[in-house]
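Q: Here it is, the structure in full.
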Amino acid sequence: MTCTIVVGGQWGDEGKGKIISYLCKKDNPSIIARGGVGPNAGHTVEVDGEKYGIRMVPTGFPNVNAKLAVGAGVLTDPEVLLKEIQMLEKFNVGERMIIDFRCGIIEEIHKELDKSNEHLSKEIGSTGTGCGPANVDRAMRTLKQGKDVESISKYLGDVSEAVNEALEAGYNVLIEGTQGSLLSLFYGSYPYVTSKDTNAASFAADVGVGPTKIDEVVAVFKSYPTRVGEGPFPTEMSVEEAESLGVVEYGTVTGRRRRVGYFDHELAKKVCRLNGATQIAITCLDKYDNECYGITEYEKLSEKGKAFIKEVEEKVGVKVTLISTGPELTQTIDVRNK
């Protein structure tokens with residue numbers, strides 16, 4: 001039995017979707033449970049060359065043997081959820097989905113408030129998905145819960161009970177975090193943050209798992225960090241620099257161009273300490289050095305690629321166990337058992 005949490009180490013968009021999908025295939029968890037804020041964070045999953053952009057369904061959905069869960073701490077937009085279940089019909093997502101009956105519900109009024117609030121939309125760079133206003137209502141105890149919405153009633157259940165029973169029975173469980181540690185309401189660059197905490201301890205609480213049940217925390221870092229929206233970015237490079245390196249990205253949810261920077265070892269060290277990270281996953285190493293593209297054995301990485309990994313381990317103090325060298329799941333180096 002192993003309970004693993006995957007957390008973003010930067011400002012989101014680190015490639016958690018790829019790492020989560022890989023772990024779900026390799027480790028075959030019984031339940032894949034989603035923590036985090038809500039549908040404000042998007043993940044892109046590539047399966048057999050086809051890309052899926054999702055915001056509610058756990059990104060481990062390609063593992064058709066696992067139950068998929070959305071924890072009580074996660075805000076749920078029924079409209080988004082039902083569209084994704086339909087889109088992923090060939091993966092039998094609807095038959096495997098458990099939405100906690102206590103989850104908070106985003107309604108149209110929350111999205112309207114989010115988009116019309118000038119402070120949130122222009123100064124902070126909110127995604128406009130209604131999460132902030134919904135969390136306000138939750139704090140005021142006026143927010144609807146999953147059990148109050150008929151359209152999702154067939155998917156409702158007790159996620160905490162399901163996850164804990166799976167762990168007690170000796171099964172693997174994977175908890176998906178969303179966004180990144182540096183967007184945490186508590187520990188990020190306030191006020192340019194999201195509407196709740198985005199660290200491992202909170203993700204465990206979101207799905208109803210106690211801290212002593214967590215075995216592994218995988219912090220995911222991209223070889224070059226990116227950020228959507230406003231806020232400090234200590235190692236940010238110019239648009240011209242990013243384009244010269246061939247690094248041009250757009251957000252999954254907002255479609256806004258991502259700001260790009262250089263890897264920040266000091267911030268990475270703080271993030272790993274904050275999350276109690278036991279492992280690091282590095283994504284997009286092939287963007288740092290295209291000679292690393294598609295490599296699946298550590299020994300075959302370029303010297304430049306190896307030097308990057310070594311520097312991360314030495315300066316951050318946590319072992320790099322997973323390295324992504326391309327978008328496909330097979331383009332992954334896994335040294336966890338070496």
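Backbone N, Cα and C atoms are what each Cβ position is placed from, and that goes for glycine too.
Copying in the features that Swiss-Prot gives for the protein in this structure:
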BINDING   12-18, 42-44, Arg258, 284-286, 324-326  GTP binding site
BINDING   Asp13, Glu14, Gly15, Lys16, Asn40, Ala41, Gly42, His43, Thr127, Arg141, Gln179, Thr194, Arg256  IMP binding site
BINDING   Asp13, Gly42  Mg(2+) binding site
ACT_SITE  Asp13  active site, proton acceptor
ACT_SITE  His43  active site, proton donor
BINDING   Thr252, Val253, Thr254, Gly255, Arg256, Arg257, Arg258  substrate binding site
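Are these features on the surface or tucked inside, and what touches them?
A: Secondary structure at Asp13 (IMP binding site), as computed by DSSP, is coil.
All protein chains considered, the CB of Asp13 (IMP binding site) has 25 other CB atoms within 10 Å.
Other Cβ atoms within 10 Å of the Cβ of His43 (active site, proton donor) number 25 in total over all chains. DSSP assigns His43 (active site, proton donor) to a strand segment in the three-state reduction.
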Q: Out of Gly12, Gly15, Gly42, Gly255, which has the highest number of nearby Cβ atoms, where nearby means within 10 Å of its Cβ, if these are the binding-site residues?
A: Gly12
Q: How would DSSP class Arg257 (substrate binding site) in three states?
A: strand
Q: Which binding-site residues from the set Asn40, Gly42, Thr127, Gln179, Arg256 come within 10 angstroms of Gly12 (GTP binding site), judged by C-alpha positions?
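A: Final answer, ordered: Gly42, Gln179.
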Q: Pairwise over Asp13, Glu14, Gly15, Lys16, Asn40, Ala41, Gly42, His43, Thr127, Arg141, Gln179, Thr194, Arg256, annotated as binding IMP, what's the top Cα to Cα distance to the nearest Å?
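A: Between the outermost Cα atoms of Asp13, Glu14, Gly15, Lys16, Asn40, Ala41, Gly42, His43, Thr127, Arg141, Gln179, Thr194, Arg256, the distance is 34 Å.
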Q: Rank the binding-site residues Asn40, Thr44, Thr127, Gln179, Thr325 by how many other Cβ atoms lie within 10 Å of each Cβ and give me the one with the fewest.
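A: Among the binding-site residues Asn40, Thr44, Thr127, Gln179, Thr325, the lowest count of other Cβ atoms within 10 Å belongs to Thr44.
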Q: Cα of Arg258 (substrate binding site) to Cα of Asn40 (IMP binding site): how many Å, rounded?
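A: Approximately 15 Å lies between the Cα of Arg258 (substrate binding site) and that of Asn40 (IMP binding site).
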Q: So for Leu285 (GTP binding site), how many other CB atoms are inside 10 Å of its CB?
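A: Step by step: centre on the Cβ of Leu285 (GTP binding site), count other Cβ atoms within 10 Å, giving 28.
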